[in-house]
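Student: Quick one: this structure, given as structure tokens, is what I'll be asking you about.
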Amino acid sequence: MRIGILTAGGDCPGLNAVIRSVVHRGITGHHDEIIGFEDGFKGLLEGRYRPLDLNSVSGILARGGTILGSARLERARLRAAAEDCEQLRRTYELDALIPIGGEGTLTAARMLSDAGMPVVGVPKTIDNDISATDRTFGFDTAVGVATEAIDRLKTTAESHQRVMVVEVMGRHAGWIALESGMAGGAHGILVPERPFDPEDVCAMVRERFARGKKFAVVVVAEGASPAEGTMPFEHGEIDQYGHERFTGIGNRLAVELERRLGKEARTVILGHVQRGGTPTAYDRVLATRFGWHAVEAVHKGAFGHMTALRGTDIVLAPLADAVAELKHVPEDRMDEAESVF
Ligand code: F6P
């Protein structure tokens, strides 16, 4: 079979492990021919691709990023191309396409699949917010990076008796904030799923100082926001991709806490540090398993699906289920976290 593979959307540690796994399983297990499109769907539309053999994926398992490059693509451009999906498929003589990506990519994958392209998706995102899979690779790495940052920030916060606000990624879901906050022993975790009252954060800080603790660390997901009327808050400039530029909740919260508490506060925005660098062992294993199962799904003709983790098993989930809604942090997970603040 001739299988195309691409990585689209924001990158994430573990992408190279999937590419490597698809190439190995395809070539060694099934005598497939694998081609890699460059820069996501852009390469598919612009005819930019290269053959992938065993040597071309040698030494990439531990490398962050993606050897194929990644890009966001305007949905309209892809939709137009999907109208002549058969032509697209014939151009590259594709028997199957394996797009690796997050919610946007899987939505695009579903669109192509509905238009007749034989597609098996592989979910990825550090945000862990894709439905129909228990976990996405990249998340474990991001949580590890954020946890290490919290550990480090605690010692400097304590030396200076400061409140440290750590802003982590997660525009729509607070998984990174929740798990890094728990692992790092943060004293407050703020997530998009639960609008917060800054007065509750102040109460926590006052209580800590009253019992002799002279610092506090609050982890805030970039998409968290205050409950209405609790603090002057306006989103900053939103760019074409929906990201807030230059300001952000971390900075705004620190200013507000300083004002209310009369204590020094600092903000650290971890940003893309969470997405870069080498994947953890967990993410390498999950990504490798996803790659293997994606190739098997192609050979079974299980198109219109993506690989997914259920418990410890890899299963196939309909793309429709994956993109129906985002996977949010449930209330009880927040309760567990709060019990150890
Ligand atoms: O990968 C998802 C994500 O990490 C979000 O949490 C974050 O808001 C966004 O990507 C940032 O993406 P970009 O690379 O476009 O700045």
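In case you wondered, yes, glycine gets a Cβ from its N, Cα and C as well.
Sequence annotations record features per position, and here TrEMBL assigns active site, proton acceptor to ASP127. Residues or ranges marked as ATP binding site by TrEMBL: GLY10, ARG72, LEU73, GLY102, GLU103, GLY104, THR105. Per TrEMBL, Mg(2+) binding site is recorded for GLU103. Here TrEMBL flags THR125, ILE126, ASP127, ARG162, MET169, GLY170, ARG171, GLU222, ARG266, HIS272, VAL273, GLN274, ARG275 as substrate binding site. What TrEMBL records for 2-298 is domain 'Phosphofructokinase'. The site 'Important for substrate specificity' annotation in TrEMBL covers GLY104.
Set these features in their place in the structure for me.
Tutor: The number of other Cβ atoms within 10 Å of the Cβ belonging to ASP127 (active site, proton acceptor), over all protein chains shown, comes to 29. DSSP assigns ASP127 (active site, proton acceptor) to coil in the three-state reduction, placing it in neither a helix nor a strand.
For LEU73 (ATP binding site), the Cβ neighbour count at a 10 Å cut-off comes to 20, with all displayed protein chains included.
Non-local neighbourhood of GLU103 (ATP binding site): THR125, ASP129, ILE130, ALA322, VAL323, LEU326, each in the same chain, at least six residues away, with C-beta under 8 Å from its C-beta.
Within its own chain, MET169 (substrate binding site) has ILE126, ASP127, ALA142, ILE176, ALA221, GLU222, LEU270, GLY271, GLN274, ARG275 as residues 6 or more apart in sequence whose C-beta sits under 8 angstroms from its own.
Neighbours of GLY104 (ATP binding site), defined as other CB atoms within 10 A of its CB across all chains, total 19.
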Student: Would you pick out, from the binding-site residues ARG72, ARG275, the residue whose Cβ has the largest number of other Cβ atoms within 10 Å?
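Tutor: Ranked by Cβ atoms within 10 Å, first place goes to ARG275.
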Student: Please list, in sequence order, the residues in the chain of GLY10 (ATP binding site) that are at least six apart in sequence and whose C-beta is under 8 Å away from its C-beta.
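Tutor: Non-local contacts for GLY10 (ATP binding site): SER70, ARG72, GLY102, THR125, ILE126, ARG275.
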Student: Looking only at GLY102, THR125, ARG171, VAL273, which of these binding-site residues has the biggest number of Cβ atoms within 10 Å around its Cβ?
Tutor: THR125
Student: Based on Cα distances to ARG266 (substrate binding site), point out the closest of the binding-site residues LEU73, GLY104, THR105.
Tutor: GLY104
